[in-house]
Amino acid sequence: MTSVIATGLVQQFDEAGVFGPADVHTAQQLAFLGGATDPRVALAIALAVRAVRGGSVCIDLATVRDAVFESDETQVDVASLPWPDTAEWLECLRSTPLVSIGHDGPAGRPLRLDGTLLYLERYWRDEQLVRTDVAIRRSTPRAGLDLAGVTATLRQVFPRVEGPDGLAAGEPDHQLAAAATAVATRLCVLQGGPGTGKTSTIAKILVVLATHEPDLHIGLAAPTGKAAARMGEAVKEALAHVGTADPAVVERLGRLHATTLHSLLGWRRDSTTRFAHDRTLPLPYDVVVVDEMSMVSLSLMARLLEATRPDARLVLVGDPDQLASVEAGAVFSDIGALARAQEPTGLGMAATRDLLVRLVDPVDLPAVARPGVVELAHNWRFADQGRIAQLARAVRDGDPAAVGALLDSLGPDDNVTFTPITRGLQDPAYGSLRERLETWGGELEHRARLGDAEGALAVLDRHRLLCAHRRGPAGVATWNRLARTWLRRGADELTSIGEPLMATRRDRALQVFNGDVGAIVATPTGPRLALADPHGTSVRHLSPMQLSGLVPMYASTVHKAQGSQFEAVSVVLPEADSPLLTRELLYTAITRASRSVHLYGSREALMTAVTRRANRASGLAIVRD
């Protein structure tokens, strides 16, 4: 719907479907308050606001007309719109008092122009904070290390094993390199895909640190409650397999609990963007480990860095090829990209490299070439997952030929299936998906009617139907409605036994977070919502009437499933022209599965996803002098 206050260029772009009401309102108001009469200024402001809403930190005025607007539920044709000449556009922005220019421009203005990148001032400041803090932490070596003792412990915890079940001859041990990095510096960015041993490496890093510094205070966190629970469980399991560690160290580390990143930083009742812990009241931890970092936005990353003491160790872990945060920024991917593009220079970086060289073997030196950032390359887990691993690699690499060859070679016993859909929701090929949902839903209802809350929650993790969109024929709302019809659920989802529900609003008092999933189960006092506790160690029962924003959860968006793992995943692809259909979305969906993946859609849509990368504008990965 066209906003009534839109005028000039903003109105033309608004009528084409580019803007939402908030974009238009902000642009028109700021232009009016700043006395900016040139319509190109209001257009730039509206695009900058829209960019943040779509996940970008800024807009590049030189390329914005060519950008895919992948954040929207519908396609927008922007090619025919009256885009200003870039040089003239930049010049008019430089002359308005609404915009600060470059790094030395005055503070207090709502926007900042850095080259051709236009930011809302808040996001520019967050980006500069992250860039500066990461650079300082990467190039600040730890003083007073017991090099001989640490080196011996590293060899003990990471014994080199070569052969079919280990490393190839001459292959660097990136896990050992990550541990050496965490010991020697104040920042370790650990990047890797599924099966590369991220959790095992976290556990071993903690063992090495706790062996030499037994009084360390350690904080574990992840962006969501589900991800935090999985992190805590996985770290405990990994600790049990560090056979060379001191049992007392393992026992002490096993008592650690992971929490959500927001809880770690501390909620503030008076703010939704600031936290209790910041530079004036930093976190009490000597080591902070954050998992699933691809889900962390630029602003949350900035708040984490502000709250982490300068002398503390910060370990950031995740898969940079997954979907980025639902909020603005692809900060985890950007940090890795910057480290790969930037030659490590300066006295601090040289001192850090010298220290790392003394901790690792010559064969491992390539793994520490970029101090502070380590990429895990060896896949330890996916070898027995066959086709899932092959498909994930081909999608991650953007290789349509490899994806096509894999689809053509699939057999009846493979754990990946692709079902072409040509007739929309009425296509009989969806019969296998219906059967899978009915089996899953029937088992869930059976457990729920028995009052078996733990069993019901376990069933929830056996299958997840994933969609790119929330609405539309291939969206979550449609598939939730279909599933409820197939399973003949009652009209009231809040009291229907066996109903899977997802929380879409946070309730701090009850410690329920957006994205938490549970099921309605029978209890002596009536239907109750069974949810895992925040640590994932027990089940609690709540009246569904206590919570607002509960929705059926037979299907969810890929974003909502991030940080979770399921035995089987079914993925319904949208039409090929969907702007949400990207490589990162498909890769994230596939890697949610531990046993089987079932894809539904057109071959064109699948190949579009493989070849199209998400486009988030940012200046963080740009190498600067």
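A Cβ is built for glycine as well, from the same backbone N, Cα and C atoms used for every other residue.
What you are looking at is a predicted structure, and each value in this text was computed from that prediction instead of being measured.
Listed in TrEMBL for this protein:
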type	residues	note
BINDING	GLY192, GLY193, PRO194, GLY195, THR196, GLY197, LYS198, THR199	ATP binding site
DOMAIN	15-119	domain 'RecBCD enzyme subunit RecD N-terminal'
DOMAIN	553-600	domain 'UvrD-like helicase C-terminal'
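Here the features listed in TrEMBL are painted onto the structure.
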residue	record	Cβ neighbours (10 Å)
GLY192	ATP binding site	23
GLY193	ATP binding site	23
PRO194	ATP binding site	21
GLY195	ATP binding site	19
THR196	ATP binding site	22
GLY197	ATP binding site	20
LYS198	ATP binding site	24
THR199	ATP binding site	20
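The secondary structure of GLY192 (ATP binding site), as reduced to three states from DSSP, is coil rather than helix or strand. GLY197 (ATP binding site) carries neither a helix nor a strand DSSP state and counts as coil.
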